[in-house]
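According to Swiss-Prot, the feature active site maps to Y105. Among the features that Swiss-Prot reports, Fe cation 1 binding site is placed at D68, E98, H101. Positions annotated as Fe cation 2 binding site by Swiss-Prot: E98, E163, E197, H200. Feature annotation from Swiss-Prot assigns transmembrane segment to 157-177; the stated evidence is sequence analysis.
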Amino acid sequence: MSATEFLASEYYYTGECPDMRELRDLSIANNWNEFELCYARDEKDVDCLTEDECDFYKFVFCFLAAADDLVNVNLDNLVTLFPQKDIQHYYAEQIRIETVHSRTYSAVQLVFFRNDAIARDRYVLEAVKDGAIRRKIDWLSRIQNEGDELTLPEKYILMILIEGIFFVSSFAAISYLRRHSIFQVTCQSNDLISRDETIHTTASCCIYNNWLKGHPKPSVKRIHQLFKEAVEIECDFLVARAPKAARLIDIDAIQSFVRFTANRWLSMIGVPTIYDDPAPDPTFPLALMSLEKNVNFFEHRSTAYSGNLVNDL
């Protein structure tokens with residue numbers, strides 16, 4: 001192309017990716033902010049937990065808060081790879097909502113530490129050294145450190161595993177609190193975040209399927225290897241700090257859900273499934289981990305989860 005030639009569409013929005021545009025619009029329709037939820041309402045529920053149970057949820061939220069960096073580093077690297085504005089605009093929405101997730105996790109952490117920020121700092125510095133968290137981070141670092149040998153399709157398999165597998169047991173464990181009518185606001189934010197991450201993983205599947213033409217896909221053997229490793233790590237993470245008395249959560253049901261979820265993502269990218277686990281029982285508490293069950297936050301938001309608006313005009 002000569003210096004005088006250019007594509008006019010570079011200078012205005014042109015829809016090119018209907019699948020990504022739909023996910024972008026879905027993300028916009030379901031925007032929310034952490035200040036719309038009143039986390040202080042959950043503070044009384046800390047007294048309902050045993051010491052083991054409280055430590056378990058502190059550990060879960062320690063990982064979730066730290067994991068935002070794993071996602072955002074990858075997003076920063078991926079967003080520049082595509083000229084299509086639909087993909088760029090989708091990623092702008094994802095990056096925005098990831099910052100909301102980060103602030104939400106910080107607020108929820110403080111609830112479990114009874115607003116003692118110093119105690120949280122001490123705990124986090126020790127918890128991130130725990131083998132169950134380090135194994136996740138080291139596994140991701142090993143994949144990322146393959147450098148130029150890691151193809152673009154493999155990077156998207158990595159994103160599918162980060163967002164679609166490495167959060168699943170945490171989301172499920174949090175959702176079990178609802179069965180005991182405690183931490184209602186935390187459960188509400190967990191519903192919203194798990195829904196967001198389902199959208200994000202679906203977007204990675206769409207890009208992998210439709211927008212990586214010219215890039216050879218990894219073999220089924222390679223994909224299965226990565227999925228099996230991720231599922232094993234995720235299931236081990238769940239039991240690392242699980243309460244000795246399983247009063248709140250069903251570990252077997254959550255691990256089965258992790259494997260079922262892996263099969264679902266494999267099917268979405270056209271790869272044979274690995275596991276025999278059935279769909280979760282209808283009573284399984286993680287109600288919003290599928291797009292089919294997506295609802296707009298503002299359709300069911302109530303004052304119980306909203307901050308107080310002061311009219312000072």
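The backbone N, Cα and C atoms fix where each Cβ goes, glycine too.
Recorded features from Swiss-Prot, shown on the structure.
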residue: D68; record: Fe cation 1 binding site; DSSP (3 states): helix
residue: E98; record: Fe cation 1 binding site; DSSP (3 states): helix
residue: Y105; record: active site; DSSP (3 states): helix
residue: E163; record: Fe cation 2 binding site; DSSP (3 states): helix
residue: E197; record: Fe cation 2 binding site; DSSP (3 states): helix
Revision key, fill the gap. In this structure, the one of the binding-site residues D68, E163 whose CB has the fewest other CB atoms within 10 Å is D68
Point to revise | H101 (Fe cation 1 binding site): tally of other CB atoms within 10 A of its CB | key: 22
Exercise for review: Drop a 10 Å sphere on every Cβ of the binding-site residues E98, E197 and tell me which sphere holds the fewest other Cβ atoms.
Suggested key: E98
Revision key, fill the gap. Counting every protein chain shown, other Cβ atoms within 10 Å of the Cβ of H200 (Fe cation 2 binding site) number 26
Review point. Could you state the CA-to-CA distance between H101 (Fe cation 1 binding site) and H200 (Fe cation 2 binding site) to the nearest Å?
Key: 13
Point to revise | Residues satisfying Cβ distance under 8 Å from the residue listed as 'active site', sequence separation of at least 6 | key: F61, L64, A65, D68
**Study point:** Any further residue of that chain within 8 Å (Cβ to the Cβ centroid of E98, E163, E197, H200) of the recorded Fe cation 2 site
**Key:** V71, Q94, I97, H101, I162, F167, D196, I199, T201
